[in-house]
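Okay, so here's the structure we're looking at.
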Amino acid sequence: MKLSLRFLSVLLLIAFMVLATTAEVSPLDNKICKTRSDRFSGVCISTNNCAIICQQFEHFDGGHCEFDGAFRRCMCTKQC
């Protein structure tokens, strides 16, 4: 009985160590902030065009089309 209890506790300890080393911890600074584009005009149809406007003219990391009420708007994104 002692041998099996010892074996079980060693096995559980190894399992916890494996779980602790493989668990991914996401850093807190990976948040994406978004704001409505000032330069994009009209309804946003192409996410690619939105991203180009946000990157080249507004100095953001990227952009995408998103529903803002009843219309699709260009939303610029960057890391917070």
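Glycine residues also receive a Cβ, built from the backbone N, Cα and C atoms like all the rest.
For Cys65, the partner cysteine in a disulfide bond according to Swiss-Prot, taken from Cys33, Cys44, is Cys44. Bond annotation: of Cys33, Cys74, only Cys74 is listed by Swiss-Prot as forming a disulfide with Cys50. The Cβ neighbour count for Cys80 (disulfide bond), using a 10 Å radius and every protein chain shown, is 10. Sequence-distant neighbours of Cys44 (disulfide bond) (same chain, six or more apart, CB under 8 Å from its CB) are Cys50, Cys65, Glu66, Arg72, Arg73, Cys74, listed in sequence order. The two recorded residues, Cys54 (disulfide bond) and Cys33 (disulfide bond), have Cα atoms 13 Å apart. DSSP classifies Cys54 (disulfide bond) as helix under the three-state reduction.
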